[in-house]
């Protein structure tokens, strides 16, 4: 039986989390620096125009930043969520999250974030926009630049002063996860099965490295043989670890081809195909594959919910001058 003291403590912690999430607002910079969001959009559009893959990379940065957070019981010891912790380089007191298993030689786009930060600080006249908010807005603008949906990004996050590779290793979802593991991983972040499928749809843009999907194309049984053969041509059993392959046939366009692929057992990652493998998310995958409007609406809603994962607000954290430090 839970003691009254523990119950009150947990209730207080969850109330604190709720209050933090609701303090974010789409209008946060309207008076402080109305030029901020247009500045972010300009740099993102230029970067995506230069390299279409960058749109997926910037979206992924926001996802991997938000998912690395503490358990509620540790909220006052290590409060991390959508707080720009992924952007920090290593110091004498912590190792960067960039070295975590799910990030090492994989996450990219940091130079573009630096460009955005410099431009935003220039138009605002001083550092008033957090690196965490830059990631959230850049993710939305990247999706729009690749002909995807838009949504109102809630703003007002502040930046963490620490990072944790250990935490990133333990909480980032793995490409080898089955459906129960994925559902549990998202549940730990306060996200449900609909969020899981919708956010996984972000794989409709971008590419993956051979080392990530090699096991599936050589060993999986729930894979289209022609698709496996096609992928093996550029991903040998040994070597070629960094060779790239698209998640779906249109990696530079935000559409529903990703879900159509899953229905045909042409998911690139084990965690992709797990969403359509006779489990509880099959019907939602089918719905998204046939109805882009439903997917777009749900994706925007889930991005907003993900962006609310334990942000720092008010006087917590800081507004970094350099997103890496």
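Even glycines carry a Cβ here, placed using N, Cα and C.
Quantities reported herein were computed from a predicted structural model and do not represent experimental measurements.
The signal peptide feature in TrEMBL is assigned to 1-23. For 33-124, 66-82, 131-323, 210-235, the entry in TrEMBL reads disulfide bond. Annotation comment: TrEMBL describes 65, 68, 81, 83, 85, 97 as Ca(2+) 1 binding site. As annotated by TrEMBL, substrate binding site applies to 173. Residues annotated as heme b binding site in TrEMBL: 203.
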Whole-number Å value for how far residue 173 (substrate binding site) lies from residue 97 (Ca(2+) 1 binding site) (Cα to Cα): 14
Which of 68, 323, the listed recorded positions, has fewest other Cβ atoms within 10 Å: 323
Within 10 angstroms of residue 65 (Ca(2+) 1 binding site), Cα basis - disulfide-bonded residues out of 33, 82, 131, 210, 235: 82
Fewest Cβ neighbours within 10 Å, where candidates are the binding-site residues 81, 173: 173
Between residue 68 (Ca(2+) 1 binding site) and residue 323 (disulfide bond): CA-CA distance (Å): 17
Rounded Cα separation (Å) that holds between residue 82 (disulfide bond) and the residue listed as 'heme b binding site': 20
Largest tally of Cβ atoms lying within 10 Å of a Cβ, found at which of the disulfide-bonded residues 33, 66, 124, 210, 235: 66
Rounded Cα-Cα span from residue 33 (disulfide bond) to residue 85 (Ca(2+) 1 binding site), Å: 23
Separation of alpha carbons, residue 33 (disulfide bond) and residue 83 (Ca(2+) 1 binding site) (Å): 20
Pairwise CA distance, residue 33 (disulfide bond) versus residue 68 (Ca(2+) 1 binding site), rounded so that it is a whole Å: 29
Fewest other C-beta atoms within 10 angstroms, as judged across 65, 83, 97, which are the binding-site residues: 97
Alpha-carbon spacing, residue 203 (heme b binding site) to residue 66 (disulfide bond), which is rounded to whole Å: 17
Count of other CB atoms lying within 10 Å of the CB belonging to residue 82 (disulfide bond): 30
